[in-house]
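Q: Sharing a structure below in structure tokens format, with a few things to ask.
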């Protein structure tokens, strides 16, 4: 039952899918943390895998960069493959001095400069929020693992190279924790089609200070985030 962008067979995906932007990161997660792994889709090299984690069937698939790409895959996973839970796992940039590089952020809500949710909400402002049961499960898992998290708003930007850097001042004033490019679209799709979604990201760089993580630091922090998320996923 292939879709225009996914060539998996019916039943290939688990009810819960971890959803990194990078398909190679999806491959890394599958090969590092899952057992009995099978690659289930590879259209446009947007790789997807299904395996087991501590006996629980889990899938992982790349979403691509930005709301349009993420929304395509999220829609098809939910509507055509029956996926119930989508958890974005990725990275973000920080803007506030209170937020540090390597912090783990859980996106309770997602602000955006994109118009996609206004389009689906007939011109009105839609509150793009995470599913509470997913959020609380990941928060509790983080506590169990001793991983400190920050819970609040992220900002899903349409432009990576923004022409309006003064907007960062507004974001900081309004308490936005991190800037990424997918969560608002993912939350909108999930609400539209009756699924549950959450965004969990690590801070890879600081927009204000220019501080960046090394590749080794990024991988270590990312691994901690994945383990905490997977341990939450098996209890959904």
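Each residue, glycine too, has its Cβ placed from N, Cα and C.
Sequence annotations record features per position, and here Swiss-Prot assigns active site, proton donor to 205. The purine D-ribonucleoside binding site feature in Swiss-Prot is assigned to 5, 180, 181, 182, 204, 205; the stated evidence is similarity to another entry. Per Swiss-Prot, phosphate binding site is recorded for 21, 25, 44, 88, 89, 90, 91, and the stated evidence type is similarity to another entry. The site 'Important for catalytic activity' annotation in Swiss-Prot covers 218 and rests on sequence analysis.
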Q: Rounded to the nearest Å, what's the C-alpha distance separating residue 204 (purine D-ribonucleoside binding site) and residue 91 (phosphate binding site)? Just drop the number here, would you?
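A: Roughly 6 Å, rounded to the nearest whole number.
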Q: About how far apart, in whole Å, are the alpha carbons (Cα) of residue 90 (phosphate binding site) and residue 205 (active site, proton donor)?
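A: Cα to Cα, residue 90 (phosphate binding site) and residue 205 (active site, proton donor) are separated by 12 Å.
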Q: Which secondary structure state does DSSP assign to residue 88 (phosphate binding site), in the simple three-class scheme?
A: strand
Q: Starting from each candidate's C-beta and looking 10 angstroms out, tell me which of the binding-site residues 180, 182 has the most other C-beta atoms.
A: 182
Q: Rounded to the nearest angstrom, how far is the Cα of residue 88 (phosphate binding site) from the Cα of residue 182 (purine D-ribonucleoside binding site)?
A: 8
Q: Name the one residue among 25, 88, 89, 91, 218 whose Cα is closest in three-dimensional space to that of residue 180 (purine D-ribonucleoside binding site); these are the recorded positions.
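A: Among 25, 88, 89, 91, 218, 91.
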Q: Cβ neighbours within 10 Å, counted over all protein chains: which one of the binding-site residues 44, 88 has the most?
A: 88
Q: When the Cα-Cα distance from residue 88 (phosphate binding site) is computed for each of the recorded positions 5, 181, 205, 218, which gives the smallest value?
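A: The smallest Cα gap between residue 88 (phosphate binding site) and any of the recorded positions is with 181.
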Q: Out of 5, 25, 44, 91, 181, give those binding-site residues positioned within 10 angstroms of residue 205 (active site, proton donor), comparing C-alpha atoms, in sequence order.
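A: The binding-site residues close to residue 205 (active site, proton donor) (Cα within 10 Å), listed in sequence order, are 91.
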Q: Test of understanding: give the count of other CB atoms lying within 10 angstroms of the CB of residue 218 (site 'Important for catalytic activity').
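A: So the Cβ neighbour count for residue 218 (site 'Important for catalytic activity') comes to 18.
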Q: I want to verify one value. Collapsing DSSP to three states, which class is residue 205 (active site, proton donor)?
A: strand
Q: For residue 91 (phosphate binding site), write down the residues of its own chain that are at least 6 apart in sequence and whose Cβ falls under 8 Å from its Cβ; none is a fine answer.
A: 180, 201, 202, 203, 204, 218, 222
Q: Going by DSSP, is residue 181 (purine D-ribonucleoside binding site) sitting in a helix, a strand, or coil?
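A: Residue 181 (purine D-ribonucleoside binding site) sits in coil per DSSP, no helix or strand.
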Q: I'd like the number of other C-beta atoms within 10 A of the C-beta of residue 204 (purine D-ribonucleoside binding site), please.
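A: If we count other Cβ atoms within 10 Å of residue 204 (purine D-ribonucleoside binding site), we arrive at 21.
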